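Swiss-Prot annotations:
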- 30-41: compositional bias 'Polar residues' (COMPBIAS)
- 51-61: compositional bias 'Polar residues' (COMPBIAS)
- C132, C137, C143, S378: [4Fe-4S] cluster 1 binding site (BINDING)
- 146-367: domain 'Radical SAM core' (DOMAIN)
- C163, C167, C170: [4Fe-4S] cluster 2 binding site (BINDING)
Amino acid sequence: MATSIPRSRCFLTSSTLKVVPRSRTPLRSFATTSDTPQTSVPEAPGKRSRPPTSFSDTLNAGPSFGDFVNPNAPLSPTEAYEIKTVQVGPEGRKKTITRLPEWLRTPIPSNANQNYKQIKKDLRGLNLATVCEEARCPNISDCWGGSSKSAATATIMLMGDTCTRGCRFCAVKTSKAPPPLDPHEPENTAEALRRWGLGYVVITVVDRDDLADSGAHHIAETIMKIKQKNPTQLVELLGGDYGGNLEMAKVVARSGVDVFAHNIETTERLTPFVRDRRAKFRQSLDVLRSAKEERPELITKTSMMLGLGETDEDLWHALRELRANNVDVVTFGQYMRPTKRHMAVHDYVTPDKFELWRQRALDMGFLYCASGPLVRSSYKAGEAFIENVLKKRRLGSSAGKNDVAELSAAEEVGKAL
């Protein structure tokens, strides 16, 4: 019986295999491939060349990696004054907010700085408050962390850390019945200033409408104790309006203070919308004028915030009123919203406009004007200039035109600090 081959293997027999001749017809080319022969360009070993694109050209013309990691990289004029906005919030409820301009950004305070740590330690040990912390001043890292301890500055706030008024721009705590005055505060303040060894100090106060004298005698006692511990110490006081009681303003003026400062904060038109209802533009002018009348040699000073919606005519009017009341020094700074509970910023004023108003104030006859986005009531260039003027007066030098002539030199000193 013949052996039968399995059916499944029949397909593998040689009789069933057919040789298919290789086609000599050329393969069909793809539509994107050119039929013309391409000449190959020799490439550099280890490097592939890519054709340039508009995207790569844009990247090459833009900022480099160093521009992103270097915070001090210079900006173009267009970028420097550009106001940027951003959309925040959940979908359907997004709102547009304005980002902080480049010229208003400041370094974060660091405890690594020895001067910063020492000043903070002294203040805590003596139970003293500063307006630097309470008002969230943007210059605290510069003032508390000066190049040397003598160059560091802290503005001490007297009569506690709670104010009886509620201005719409201010971050200081408010209460109708703040804690009573600390009877040891004058001595503690004088001792802290003696430890620091500063030549020029700034003291500010909260408004205390709950006190019969608005705290005038407490302030005067503090200044006198400071002078007792260091007779050459120059003291600037940034005080309130004492509820319109001009006699209390004169009590402070007679205490031995060297610079009598009281801020009008804004223009007369905007005062009812910016300051507490008990603070009035004319009342502030009366306080400054009465201090000058009590002591004609006293330097009087005030400060204004820009960016609240004021017009040029509003500012001209305010400056004319200040000169009519013999105010010597004026400063301009940008209003910066402390929290969302406070009034919003109307606009961010450019550094060029601040410089313009500085020149205008000097042309009107002010002894000194500090003007800039980050300038506050206590400003180092202003302190350096006023300190120089006061020392010359003590030596019997004239302080009129010579003081103004030394303005630029004093500003350089302030920048160096």
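Glycine is treated like the rest: Cβ placed from N, Cα and C.
Its Cβ placed at the centre, C170 ([4Fe-4S] cluster 2 binding site) has 21 other Cβ atoms within 10 Å. Neighbour counts of Cβ atoms within 10 Å were taken for the binding-site residues C163, C167; the minimum is at C167.
The residues near the [4Fe-4S] cluster 2 site, meaning same-chain residues not in C163, C167, C170 whose C-beta sits within 8 angstroms of the mean position of the site's C-beta atoms, are R165, G166, F169, A171, V172, T174, V206, D207, D276, in sequence order. A strand conformation is recorded for C163 ([4Fe-4S] cluster 2 binding site) in the three-state DSSP classification.
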